[in-house]
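Shown next, in structure tokens, is the structure this report addresses.
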Amino acid sequence: MRPLIGILLQILLLGTLGTLVAAAEECSASKPCETGCCSKYGCCGLGPDFCSKEVCVNNCERKAECDPGEFGKEYVEKSKCPLNVCCSRHGFCGTTKDFCGNKKVKRPSCSVNDQGFDRVVGYYEGWSSARPCNKFYPEQLPVGVYRHLNYAFASIDPDSFEVIPSLTSDVDMYKRVTNLKKADPDLKVFIAIGGWTFNDPGPTATTFSDIARSEANTKKFAKSLASFMSTYDFDGVDLDWEYPGADDRSGRVEDFETFPVFLRRLKAALKASGGRDGVSLTLPASYWYLQHFDIQAIQKHVDFLNIMSYDLHGTWDKENEWVGPYLNAHTNLTEITQALDLLWRNNISPDKVVLGLAFYGRAFTVASTGCTKPGCEYASGGKKRSCSGEVSVILNSEIDNVVESSAAKAALYKAEAVKVLNYESNQWVAYDDKETFKLKADFARGQCLGGLMVWAVSHDTKDAKYTSALAAAANRKILLKLLECPSGWLRVPRRDGGERENEYMIDEQGCNGISFHQLCCPPGEEVPKCGWYDFNGGKCGGKCPVAMFEIGSNSMYCRSSYQAACCFGTATAMHLHNQCSWSADFPNCNRGECTSDNAELAKSMTGSGDLVNFVIVDSIQGAVSGTPRSQFGMAPMRRIMTRLGADNYRTVFVLAAETLNTAKATIWGYGEPTDAGDMANLLNTNNVGFLNQIRLALGSFVYLNTPIVNPLLVNIMANMRYELGLADQLHQTIHGAASAVHAVARFDEWAADHFETMATNVQEWAFEWIGEALLVWRAQPNHPAYDQMINALQMLGALAGGISVNLDNVPGQ
């Protein structure tokens with residue numbers, strides 16, 4: 001994913017050479033031609049009229065690129081041009097009218113609408129969390145946008161041809177990226193192998209070529225790759241060979257023929273290895289490099305092709321006489337259209353083509369602040385930014401920083417579908433944003449392309465602004481954001497000395513494998529200082545430092561015990577933890593019980609080593625009843641119960657189906673909506689019945705929030721508060737004002753906790769069974785109902801994550 005030669009470089013070069021050859025260039029036996037053979041008549045050209053023994057006096061060994069029809073094999077390198085481009089009458093390859101005459105490329109054409117793309121691919125850079133600033137972590141990605149995530153990059157041992165991590169730190173990050181599949185069962189994570197620097201001069205410069213030219217080497221690579229993907233839970237491989245056949249990138253001429261054979265053997269080997277058989281490939285958007293790909297043969301053995309339609313211009317243009325040091329956008333639709341034409345000339349299926357977009361810009365330092373439009377000259381690459389750390393490259397997150405700290409405003413070039421920003425007087429950058437993503441997405445729809453791709457999702461802002469913009473352009477629904485607290489609540493940063501920049505306290509082990517636990521503090525509270533402790537390189541101890549309190553735990557990556565999430569108790573948000581204790585220590589936490597003089601306040605499924613625990617706090621005695629008069633009776637208990645509905649008070653009753661009433665009553669009492677044994681039986685025997693039980697439980701909350709039922713619930717709650725207020729007044733009348741029990745306030749606290757507990761219990765129950773079902777169905781990808789069940793489970797999971805009872809109009813809530 002590094003600079004490519006401009007898309008028009010070769011075409012411009014060839015067009016000019018064709019003109020030179022056609023001109024009456026003077027040459028002789030002592031004065032060679034710049035291009036072509038020198039004839040005895042003093043003219044330069046190609047073909048038998050210039051290069052045959054009878055007429056040639058200099059440079060006679062030179063051959064035309066192609067045969068326009070009458071040259072013959074003796075005088076041409078190839079009879080046809082690469083990629084089916086046109087051969088001019090002078091023997092040069094190109095795509096303009098000088099080469100093709102009136103021949104037109106037949107482009108695919110589809111209607112432009114808002115249809116969503118099923119395939120959206122994002123590359124995640126393994127080193128992005130190590131940047132000095134604007135770090136980006138996998139959990140910051142919204143769930144549901146990307147169908148494929150490619151982890152960039154793994155490497156290959158040039159001697160054994162085994163796949164290996166590029167960095168030792170990658171292994172931990174592999175897990176964090178592949179764990180995203182827990183929240184999105186449709187997500188596939190590929191390991192990307194190679195990259196621009198992989199083919200730089202060095203030990204791996206010819207590794208891809210060495211593998212492709214040998215069946216034995218291919219077998220070694222395929223076997224290692226299958227094991228690597230199984231070990232780290234990757235679903236496929238993205239091959240980023242930059243570039244086969246190119247002599248300036250360590251390629252060999254034979255790569256043109258061996259690459260498709262290698263892909264055929266690799267695909268077959270992966271299919272035979274157990275299902276992790278996805279294969280994608282990156283393609284350059286330049287004729288210069290693409291001509292060495294036998295793309296017609298290649299497309300048969302890959303699932304899709306990621307075309308790198310960015311980096312079309314950069315500082316590498318400066319010394320090139322055909323392009324020059326001019327301000328040009330590194331991504332623009334004009335040149336992208338011409339790049340795709342190379343594919344259409346070769347009957348590539350548009351459904352396999354994925355259009356590349358960029359979450360970064362190519363920046364330049366202008367030669368004159370008086371000339372900052374496209375086409376003006378630049379003096380050098382843009383200034384090295386503190387986060388990207390590379391001359392001429394500026395991350396979109398850094399572009400946002402520039403805009404926020406200055407009055408700079410970007411200009412939209414609609415036809416090219418690119419934004420241009422002038423900043424800091426002499427800096428210029430072209431990049432993509434929400435508007436240009438939409439323009440490019442519509443272009444992709446119009447050419448019937450199979451999807452969109454981004455290099456790189458890890459260039460995004462901390463709130464994933466550009467992924468959200470891409471979701472809108474691609475019409476992909478964001479299912480959830482893993483690192484969001486409830487509205488107004490505050491995320492708790494990790495501060496234990498081992499944290500990365502902008503890292504927060506999260507637990508990947510929770511939520512039955514579907515999502516993440518996030519440590520949040522209520523609005524207005526002081527955020528405590530917290531961290532993960534007692535990991536000890538995997539030999540976990542489960543203890544907090546002195547003066548800190550355990551608020552959670554995680555046994556992931558631990559060979560024994562667990563690592564503790566600990567916070568200092570000084571913040572007010574921690575006062576309850578100062579007064580409470582777990583009822584049992586690890587590993588006996590699941591036997592925990594509160595004693596008679598204490599009250600059960602909370603349970604934890606992941607506290608103290610991922611087993612059930614109970615929190616103990618001093619018990620609070622209940623209120624005393626009184627007997628004020630009213631139409632509902634004199635005894636407070638009778639009055640309160642009547643407010644819930646009675647023979648003489650039917651206002652609050654609503655007729656509902658028996659199954660719904662039964663489920664609602666069970667949920668109200670904190671019971672399991674459906675017995676575990678029944679759910680297990682349905683999972684194995686009745687798909688529809690299994691899904692309907694989850695729908696029924698979640699539907700109970702929909703029912704309670706309907707315009708008919710919710711106002712009645714609000715009315716009941718208000719009347720309950722009224723009756724409890726009367727009872728409290730009676731108690732004070734009998735026992736004195738100092739004896740007030742504040743029953744209404746206690747009721748408000750109970751109600752808030754009750755409805756939250758109802759929702760939490762059903763969420764946990766639903767997540768557990770959805771998780772169980774996903775495990776069962778992921779193992780049956782060929783089942784006729786696979787797609788339907790996976791989609792249904794995913795939708796129910798998203799619905800379960802948002803259930804609650806609407807108490808907006810309830811006094812005290």
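Backbone N, Cα and C define each Cβ position, glycine as well.
Remember, predicted model here, so these are calculated numbers, not experimental data.
The feature signal peptide is assigned by TrEMBL to 1-23. Here TrEMBL flags 63-112 as domain 'Chitin-binding type-1'. Residues annotated as disulfide bond in TrEMBL: C81-C93, C86-C100. Among the features that TrEMBL reports, domain 'GH18' is placed at 118-477.
Shown here: features listed in TrEMBL, placed on the structure.
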residue : record         : Cβ within 10 Å
C81     : disulfide bond : 24
C86     : disulfide bond : 19
C93     : disulfide bond : 25
C100    : disulfide bond : 15
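Reduced to three states, the DSSP call for C93 (disulfide bond) is strand. A gap of 6 Å separates the Cα atoms of C86 (disulfide bond) and C93 (disulfide bond). Within the model, the domain 'GH18' (118-477) carries an average pLDDT of 96. Between the C-alpha atoms of C93 (disulfide bond) and C100 (disulfide bond), the distance comes to 9 Å. On a Cα basis, C100 (disulfide bond) lies 12 Å away from C81 (disulfide bond).
Taken residue by residue, the domain 'Chitin-binding type-1' (63-112) breaks down under DSSP into 10 helix, 6 strand, 34 coil.
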